[in-house]
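Report on one structure; see the data block that follows.
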Amino acid sequence: MSHRDSYTMYGTTILCIRQGGSVIIAGDGQVSMGSAIMKTSAKKIKRLAGDSVITGFAGATADAFTLFERLEAKLEKHPGQLMRACVELAKDWRRDKYLRRLEAMMIVADKSVSLIISGGGDVLEPENGIAAIGSGGNFALSAARALCAARDELSLDMTLEYIATAAMAVASEICVYTNNNIIMEKIEE
């Protein structure tokens, strides 16, 4: 499979977990170019809209920063309306010939909603408050779901930070494009 396939993102893992009014997004720090590790401490998580929105990206870095800028403009136009801002961004993404060629995905969250903006310009709200993207996304997603289920069924005291760290550690042990240098941002209720 080609690394230029816009629906398969290589080189990162981004995980979002929501519990009650709190949400956390975690990302690893590895930047890969082909089979070489170029950087181990990249920050793929960013705060927007006066720190009321957190977002993480997978895919081409320059493309992701283009999307960050566009999303920030949409959030300024529609303050406090994350869903609307993301839908407007997705509309632009689908209409604009330049944007359609961007190779990036994003997870975006505020105090009330978490969303995945796909490489095809779709806006998806994940079930169960857990979402993941990137090459290690399915590993982190599976681990986070298992940890949340165990926490709920056994009444265990696990924080969002603990679950995110443990799930990202699982992804970093399986996915060669993901490392264990985890950066997290959280919005508390």
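Numbers here mean position along the shown chain, with the first residue as 1.
Glycine is treated like the rest: Cβ placed from N, Cα and C.
The annotation active site is assigned in Swiss-Prot to T12 on the grounds of sequence analysis. The Cβ neighbour count for T12 (active site), using a 10 Å radius over every protein chain in view, is 30.
Annotation note: S172 (Na(+) binding site) sits in a helical segment as assigned by DSSP. S172 (Na(+) binding site) has a Cβ environment of 22 other Cβ atoms inside 10 Å. The Na(+) binding site annotation in Swiss-Prot covers S172, C175, T178.
Considering only the binding-site residues S172, C175, T178, the residue whose Cα is spatially closest to the Cα of T12 (active site) is T178. The 10 Å shell around the Cβ of C175 (Na(+) binding site) contains 22 further Cβ atoms across the protein chains shown.
Within 8 A of the CB centroid of the Na(+) site residues S172, C175, T178, the other residues of that chain are T13, D28, Q30, S135, G136, F139, A140, M168, A171, E173, I174, V176, Y177, N179, N180. Other Cβ atoms within 10 Å of the Cβ of T178 (Na(+) binding site), summed over all protein chains shown, number 29.
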